[in-house]
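Trainee: Below, the features straight out of TrEMBL:
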type	residues	note
ACT_SITE	H17	active site, proton acceptor
BINDING	R175, E282	substrate binding site
DOMAIN	231-322	domain 'Glycosyl transferase family 28 C-terminal'
Amino acid sequence: MKFIIRVDASVQIGTGHVMRCLALAEELRRQGHQCLFICRNHKGNIAELIVQKGFELHLLHSPKQTEKFVKDEQAVVHSGWLGVPWQTDAQQTLEVLVNHNPDWLIVDHYALDAKWERQLVEAVGQILVIDDLADREHMSTVLLDQNFGRQSTDYDELVPPTCTKLIGPKYALLRTEFAEMRAASLERRRTLELKRILISLGGVDRTNVTGQILGALSSSTLPPEIELDIVMGRSAPHLETVKKQALELPFQATVSVSVSNMAERMCLADLAIGAAGSTAWEMCCLGLPAILLVLADNQRMVNQSLIKAGIAKGLDIQALKTEDSIKIDNVVKDAWCAAPTMTEKGASVADGFGCARLANFLVGV
């Protein structure tokens, strides 16, 4: 079967949408299917990574002259993320589709909704929409929302009655390495000693939350033998600043860029500080206790649900800006005391086989 994936990454959007689509594409390819990506050439895109992974990529280029956006009273909240009017994007995408005759079109983009999808539905057999927001209508055959706390009924008025809804983190789109390292990581959690903290705020972190966390840790009273493993993306605009900060910390700290062994790093970590996005499901799968921050509105529901369920602890970004640096050591100590419970509950939420479940379903439809 042939799958075409419409997804973007940028400084504004981040890299999470492309990364989870890559995880799905790798599983589909493993099962013998063909995948092609369609991405707009935004600043901060990770087109190079898609090609490095061995997938065909078609880059959409925006017109040289900035197009006039027609005022649309029904425009979706994130319409500005597209970079062009949705009609232009639909036409450009259609031109690619008609030359490939795909069995499925996979759409993972907050700026696209049923209006866009209606322009493509006749050129493709079926449409899978990957969403987290439940804030707009879709013309989809299948809808996936991998978020903890989401209910199937949230989409009842947003998708056709015939649409199949796949809901919850059992469908979390994680790379196979997480399932492969799950047993070893959970076994390692039996040793309760805080030695290594992983800090990962996504591939972009455009507001430099990583730097704010390091600033708070600079006055921390945590044991100096603790090691910090800081992971950032090559598109991160504050990367060099963070590298300089890391050198001045009272801990041994390393900054790694666009790593390919995140599962291994999570396995080696005793505690993580991260965003309440796709990374949260990776941490759950490996039983890694986590302190989560909300970096975007779409992460708010997940963050609240995981904290309420005792799967994670929360950290307020606004509090990081206070003069006393939030006494981040107390937050870390509180999280570490709850680590065994967070490991047990988190591991029960996501097992790392979401891509396989989804791929098997799509191929069997």
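For all residues, glycine too, the Cβ spot is worked out from N, Cα and C.
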Trainee: Across all chains shown, how many C-beta atoms besides its own are within 10 angstroms of the C-beta of the residue listed as 'active site, proton acceptor'?
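Mentor: Result for the residue listed as 'active site, proton acceptor': 23 neighbouring Cβ atoms inside 10 Å.
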Trainee: Of the residues in the domain 'Glycosyl transferase family 28 C-terminal' (231-322), how many are helix, strand and coil by DSSP?
Mentor: 40 helix, 19 strand, 33 coil
Trainee: Restricting to the chain of R175 (substrate binding site) and a gap of 6 or more, list residues whose Cβ falls under 8 Å of its Cβ, or answer none.
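Mentor: Correct list: L22, A23, E26, A263, C355.
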Trainee: What's the CA-CA gap between the residue listed as 'active site, proton acceptor' and E282 (substrate binding site) in angstrom, rounded?
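Mentor: Rounded to a whole number, the Cα-Cα distance is 14 Å.
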